[in-house]
Amino acid sequence: MNILEVTGLTKKFGGLYANTNINMNIEKNSITAVIGPNGAGKTTFFNMITAVYKPTSGDILLNGKSLVGLKPHQVTKFGIARTFQNIRLFHDLTVLDNVLVGMHHHLKSSWVGALFQMPRTRHAEENAKKEAYRLLEYVGLAELLNESAGNLSYGAQRRLEIARAIAAKPKVLLLDEPAAGMNPKETKKLTDLIHDMRTKLDITIVLIEHDMKLVMEISDFIYVLDHGEEIASGKPDDIRNNPRVIEAYLGKGAVANG
Amino acid sequence: MKSKKIVSLITTAALAFGIISGCSSSKDGSSGSDGKQVIKIATQSPLSGGSATLGEAIKLGAQMAISDQKKAFAKKGFDLQLVPYDDQADPKKGVSNAQQIGSDKSILGIIGHLNSGVTIPASEIYEKNQLAMISPAATATDVTDRGLKVVNRICARDDFQGPAGAEFAVNTLKAKKIFIIQDKTAYGSGLAEAFRDAAKKLGADIVGYEGITVGEKDFNGVVGQAASKKPDLIYFGGVYAEGGLIIKQARDKGLDIPIMGGDALDSSSTVQIAGDSVKNVYLSSVAGDVTKVEAGKKFADAYKAKFNKNVESYSSYGYDATGILLKAIMSAIDKNDGKLPTREAVSQAVRTIKDYQGIINKVGFDDKGDNKFAKVFIFKFDKAEYPAVQQKAISK
Amino acid sequence: MLAHIIQTLPQVIVDGLTLGVVYAVVAIGYTMVYGILELINFAHGEIFMSGAFIGTTVLLILSSVGFLSSVPAILAFIIIIVIASIATGFLGMGIERVAYRPLRNAPKLITLITAIGVSFLLQDIVRFIAELKTGNYIVSAPSLFNEKIHLKTSSILPQFGDALFKSSFLVVLIVAIIMLIVLDFFVNRTKWGMAMRAVAQDRETASLMSINVNKVISVTFFVGSALGGATGVLFMVQYGSIDPYIGFILGIKAFTAAVLGGIGNIRGAMVGGLLIGLLEMFAAANLSTITHGAFGAEYKDIFAFAILIAVLIFKPEGLFGKAVVEKV
Amino acid sequence: MRKLVDLFSKNKKAQLLLFIVYVAVSSLSLILAQQSVVAFLLLLFSILLLYFLKLSTKAKWIIGLVIVAVLIPFSASQGQAYESYMDVATLVGIYCAMALGLNIVVGFAGLLDLGFIAFFAVGAYTYGIFASAQASKFLHFGHFPLSGESFWIFILIGGIVAAIFGILLGIPVLRVKGDYLAIVTLGFGEIIRIIFNNLDKPVNITNGSMGIASIAPPKIFGIVIANASQFYYVALAIFLVVVYIVTRLEHSKIGRAWKAIRDNEIAGQAMGIPLVKTKLIAFAIGASFSGMMGVVFAAKQTYIDATSFTLLESTTILVMVLLGGMGSVPGVILGAAVVTILNLQVLTEVSNWLNQLNTNGVISIPDALSPAKMQRFIFGLLLILFALYRPKGLIPAKNQKYDVNKLKKSTTKSVFVEPQVSNDKKASGGSEI
């Protein structure tokens, strides 16, 4: 069953096509990778799904419901959360607060309730904090809960972004280059985490990644973009040997020359 | 973490210390340097801002009066001092200063303010402290119409000055079509409205009534509009900073008609800004030309000698207002067997003054605190020189 | 009503142009700095004001030594404007060096607040000096160009009235146009201008291309501030009376002009400035005629601010700017 | 020496003792030397010391309340300067509340607002118009002025009207960002001021530049509140309510959302924060504090006109927030207190003192240098110095620390799975996964 369906998605900036007619079907509880050389329009694609950009044409369906025209925060409410290529944490907030912000849309705590310390609000807040703490334990940042997010190391920041995204209880999680800048050991742990999220948290994962080893290892399905167009799709093994993909990455002639 | 805290503590402490050491001046001053009892007179007028020239004149006039009478008070065993406050023409600052003045018990009276908008809220505080206030310049009707016991003024009210100006404009200058510009301040609007209503009654046609923004320099839009209406007189309700420029820009537009203004144009700065264009400008002032009378000439010379400045319109009024206050204090001292009188006694004594001969005109307060003998004087600039030439003195 | 508006139109245009060119040149200072640093240099209005004061000081000194009477006014004027613009140019550079450069990587909010601080500081320093020297912070300068010129616009169209102005208007207009042309040439045709545009596009890449970014920013501040200072002198020559607070509101209106034209776009700032000047003058002259006295000239400033808000909301890229998409 | 300091900073009893001695000495000296501004300021300073003491928050609150509500008024009331001190203290309360309001907008939500004084004006005019004869000039029903008893309702109404203005401003303005927002709010502030100054025609609502005089003073149980010493308690009460609201909100969902969009707007949105709503709430709540205090201000002054609501005032409040520390509640209160006292008491006092020296011929200082005139200079310098060297202010904002042990004791079943096995301690060091 497809959880996320994208049909004919196109984005035009001025006269420039960043994405042209992209079609995707993402199966529930799968791990899908979107790859392609720099400037292929991968992040633009993510931005359209999360409503940061409005598509020029085409449709995005989550469980059969269209997301086009929604505001970014509404998309999150529908069940899509994401991380960012250039880490976007709330630097001056603590690690735990970052995760609590992730729970924003499902946290039953109105500001009026907070003002009068209504029992319901207090209860909700207490529970949220405990759950946030568990999430931190889950990604391995529990010890740093009171640290400012901006003070964390690079790898820890990436993990915090993931924890924050899971806190939003997404059905689909979009990871934008989660392994960028990580050493092999860190990448290995990340691989485990992604697998774990899929199996234990029942989250469908879509990721953009340049680390081919990681991509080939964890993806169930791969889409390849180049110059904003979808040039190939298939199982990791199909993609590995696809001449168009190799050409896109290495340039024309690479295939012929061997 | 700890060191940060200490740094922040030290910074705060340093700042606080700076503040505290800054005001190490103790207000404790009930006895003067040579054991005499201190009597202080406060002035409140704008010493900074757009009408500083006028406010400064009030202060210097008061200073003059105080140094003139210091000896007389010393004989009775009192040390007379002046405390000038700067109200910045800001009501909030004026009220805050008023509270401080109220708390300094050696202050027995206030000379000020210049602006009616500041006078009104500040006088509420004076009333509570029973502190006599004499304004040389606040012309708005609301100043005395609220019926406060301590509020007095020696200048004419807007509803006297405005109509007096209108009368002169319509009857003497024969203006039929009048264009009015005002500066959208309490002073300018009040005066311009009073002028407009009176001029209408006298049969003049008001061809325009426009507002400008204080602080700007380009009034060509409004002046151009005036020029297109072809009036025989332009009236401006506002202060010299804008008035001077309006005069200049009107002349540049070929408007050689008479331009008329209120007492806030009665300043050397008007001439300085407008230059040669000031010719054929009339103004109504609540203060007369000091050089017309013998006493005034003497005053002007003494003023020049003391401060190295020429007299401004409010110099003599500041002097007179202080003179009245000091006279009232003196009589209160005498009534109190030579001892320091209460504030209440002083404010009562001020109100009972019925016939004080000031430099130019007489002062006597009615039961609201207005000067029964207040006059409005009409001046005309014949050349680019201050003061202007007095044309007429109008009394009620 | 319409006949009256048309009749006064030539005069309104002349007056509006005077104010408009002042706005235009000041707006360029904002636009240049914003284009290169993405910073609203709040202090730019004060640089304009400082220019006016420096110009007046030089003028007063020249006239006190009797120089003015011995040379033609235009020569004195050129000397004054050159001195004032060089001085303000260095002032602008200094401000950048001391107050903005250390904060280049700090949050925008902080830099903006520093700019407001610099602006206050300059106002008060100038006020202090002026009061110390003259006893009054409103300073009047002797006029240099005083001939009245009668423009027979009525001969073009019978509905028009005539326009009257002083020769200083022509001087202001011509000098401003010369400055605009020279600046346009400088930015588009010279090496420094090219470097400036490169830094404005992408500071990091420009620095990789062996452009000395700090130097380029300094030059930008120098040029922008010198223009601002020179405009201050023009203002002084035209209106003859200045005070330390002329820069703030004028600066905001000039900024409005820069936004209207599309911030970062020099030609846009020129057009924006002229438009704002003309609109303001038109509003001051005709508002009460149009509304039958309900709203008078005192509402003209609301016009400037309302335009600003409307432009920012509906067309934030301005009349001539390009829309920018934030990178995610 | 260092050891001694360390020891002292840990010893609660010694601190408390010293603090009590300090408070006793300063209040005694105020009682004895009534005219001494220094004693008054020293007593105020004790609140700051209290903040740095190592006591429980509750104890600090109680001690602080006693000092502010009882000790300060009592010590000051023994002499003639009473009303003057209380006037300054009232204004401190008013400005603190306003600065806390601006702090929500600037400090928490990161939206630079340069027209904040507009909301103060809205509050002041709301009460001013109806509590004077002004309202009868355009309303042809009802009986005006309303009595002083209506003041208490008007505090609420003023807050609500200001909040509505905040939202009205917010809706269009929030489409612009950063610097543009600053300049648009500045324009908005000016527009409000110009309109208030001109709205005597076509309909006379604000009495234009003539201002509104004879505003009814508040009344309660038949007592007319007219003195600064009485207004002090009104301002104090509102201030305490404001502090309560701000601290509650700061550590709630909305507070986190404000800070989140301040730090990163796009990520905030992606985490499900509705941008417009969150920003509008910040504007509305910030504005309402200002509006409430506007009502108090109008009642205290009994006269208002548009000159009290200039751009300089907006900037002054911004200086308070920046000086104290953006986003830091205690910092902002300190900033507001310092700036207000500096402005109203210290600069005036120093000017008078210098003037005295001048007239006595001790020193000769030109009038232009009078400190009362140097307000802009001092503010400008403070803004620059603090932005350059201490951008986080006198008391930097701190994040709330969570107690790990409390969080661990989980009673409810998590909606998320139990922790992974791989959660070893090394990993949490953050250097590797």
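Counting begins at 1 with the first residue displayed.
Yeah, the Cβs are placed from backbone N, Cα and C, and that goes for glycine too.
Curation does not apply to TrEMBL; its annotations are automatic.
Values in this document were obtained by computation on a predicted structure and should not be read as measured data.
The feature transmembrane segment is assigned by TrEMBL to D:20-53, D:59-76, D:88-110, D:116-139, D:151-174, D:180-199, D:220-246, D:280-299, D:311-344.
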### Query
Between D:116-139, D:151-174, D:180-199, who has the most Cβ pairs under 8 Å to the transmembrane segment (D:280-299)?
D:151-174
#### Entry: Of D:88-110, D:180-199, D:220-246, D:311-344, whichever stretch has the most CB pairs under 8 A to the transmembrane segment (D:116-139)
D:180-199
### Same-chain residues near the transmembrane segment (D:88-110), Cβ under 8 Å, at least 6 residues beyond its ends
44, 72, 116, 119-120, 228, 231-232, 235-236, 238-239, 242-243, 246, 249-250, 255, 258-259, 261-263, 278-279, 282-283, 285-290, 292-293, 296-297, 300, 317-318, 320-321, 324-329, 332-333, 335-337, 339-341, 344-345, 397
### Message
Are the transmembrane segment (D:311-344) and the transmembrane segment (D:180-199) close enough to be called in contact, which here means at least 3 C-beta pairs under 8 A that are separated by 6 or more residues?
### Response
yes
### Query
Same-chain Cβ contacts of the transmembrane segment (D:151-174) under 8 Å, 6 or more residues past its ends?
115, 118-120, 122-124, 126-127, 130-131, 181, 184-185, 188, 192, 216-220, 225, 238, 275-276, 279-280, 283-292, 294-296, 299
